[in-house]
Amino acid sequence: MTARNSLTIVLAAGEGTRMRSSLPKVLNPVAGRSLLAHVLSAAPHGERDRLAVVIGPDHRAVGDEAKRVRSDAAIHIQAQRLGTAHAVLAAREAIAEGADDLLIAFGDTPLISAETFARLREPLHDGSSLVVLGFRAADPTGYGRLVVQDGKLTAIREQADASADELKITLCNAGVMAIDGKIALDVLDKIGNANAKGEYYLTDAVGIVRDLGLIASVIETSEDEVRGINTKAQLAEAETVMQTRLRLAAMAAGVTLIAPETVYLAADTTFGKDVVIEPFVVIGPGVSIADGAVIHSFSHLAEAKIGSKAQVGPYARLRPGTSLGDGAKIGNFVETKAAQIDAGAKVNHLTYIGDAHIGASANIGAGTITCNYDGFDKHKTEIGAGAFIGSNSSLVAPVKIGTGAYVGSGSVITKDVPDDALAVERNVQTAKDGWAKRFRDAKSRHRKPKAH
C-alpha cells in the first residue's frame, strides 16, 4: 500500500508580548535551539511530506529561521491575526495542493515529538476525519475540555461554556490537530466568527466534522509534551523538561554524567562511547564528543569537536571553531577559538589560543597567548608538530613556529621560527650586587615612625 502523504502547517505568527523579548516568541531558545526549530524538526519530513509555516507580517526572521531548519518549508503570511483557523487558512495555497493528512501544530510547543506527530495520523488511516491531541491536566482550569462519548470526540468545550459536569473533565485540548486532507478546506471554510471576539477558532472544526456525519477522535500525550511557551517562566520550565530528556538520552547511550542535574546539553550534542562529563559543565550548540573523552568540571563548550580520549578542563572555554584531535588536552583556564589542536597536543593552563593550528604532540606552556587581532583583522598562528612553547610567551600573528621548534619562556615572537630552531626574545638579565640592601636602608631612613 502506498504511504500517505502529509502537509504540516505550523502556526508561528503570534506576537508573544508576555515574553517581554525583542525576539519573536518562537525564536526564543530551549537547549540551544529555537522553539520553532524544535517543532519543525519533529514534524514529518519524508519525501511525501510537505511543510508550511505561517508567520506574522513583521517577522521575517521567523521565516528565515524556518528555512534554515527546513529548506523545504513554504512560508505564508497571516496579515491580520483573526484566530487560529484564520491563521491556518493563510496557508490556503498549500492546502489546495492536496494532502492525505493535514497536520496543524504550533511553533511555541518545543517538547512535541516526532512520535506524537506519527500517532496523530494513525486514526486518519482508520476512519476518523479529524484527530485532536489531548492531555490530562493536573489543573485543567482555563483549558478547553475534550468531551468524549463512546470513544469519539463530540465537542471541545471552553471553560466559560462548560457545564458543571464538563468542568470535571481533565482531558484537555492541546491545540494540535490532524484533518483528512480531502475535507480540510471545506471544513476550514465553514468555520465562522460569530463569537465575542469576532475570530475564527480552529476548535469549531470538531462540530463541523460531526455535522458532516464524520468521526472526530482524540489521542493523548503527556502534559509536558504540549506545554505552550508564553512567558520566560514557562520557557525556563520547558528548558528543565528538555534538559532531563537530553540527559537521560545521553546516559542511555553510554555517557557518564556524574551529577546529571548540573550538566546542560544542547539539542544537537552528539556523544561517542564512554564519554565522561563531570559536574557543572555547559555544552552549547554544535558540539560533538568522541569515544572516551573527558570533560572536566566548570567547562563551557560551543561549536566544538572533541576527539577520542581528549580531555577538556576543568575551567576551560572552547569557543566556536575549536577542534581537538585524539588524545589532545585542554587544561584549566584555557580559552580557544577557531583553533585546530591536533592529536596529542597539550595546552594545559592559563592560555588563549585563537585562530591557530597546533600540530600533533606540541606543548604550549602556561600563560601563552596567540595575539590574533590587530584591531581590524584576525590573523593565524601556525605551530608545528612537536613544537615546545615556553611559558608566558606571546605569539604575534601572522606567525609560524616550525616543526620541533622551541620558543623560550617570556618571548614575544613576531617572526617565523624555522623547524627545530630555538627562538628567544627577551632583554639581557642584569644583577646589581647590594642594590636591595641599599634600597631598604634608604627607605628606612626616610620612613616616618608609625603612630601608636
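Note that Cβ sites are derived from N, Cα and C of the backbone, with glycine treated the same way.
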Exercise. Looking at Swiss-Prot, A366, N372, Y373, S391, R426 are annotated for acetyl-CoA. Which of S409, S444 sits in that same site?
Worked result: S409
Exercise. What span in Å does the acetyl-CoA site cover, taken as the longest CA to CA distance among A366, N372, Y373, S391, S409, R426?
Worked result: 22
For this session: Among the binding-site residues listed here (Y352, Y373), identify the one with the smallest other-Cβ count within 10 Å.
Result: Y373
Exercise. Excluding the flanking five residues on each side, which residues at least 6 beyond the ends of the region 'Linker' (233-253) place their CB within less than 8 Å of a CB in that stretch?
Worked result: 19, 28, 30-31, 35, 110-111, 224, 227, 260-261, 263-267, 269, 271, 277
For this session: Could you check the recorded positions K25, R319, H349, R426 and say which one's CB has the fewest neighbouring CB atoms inside 10 Å?
Result: R426
Exercise. CA-CA, which of the binding-site residues D108, Y373, S409, R426 lies nearest K25 (UDP-N-acetyl-alpha-D-glucosamine binding site)?
Worked result: D108
Exercise. Using DSSP, what's the helix, strand and coil tally for the region 'Linker' (233-253)?
Worked result: 20 helix, 0 strand, 1 coil
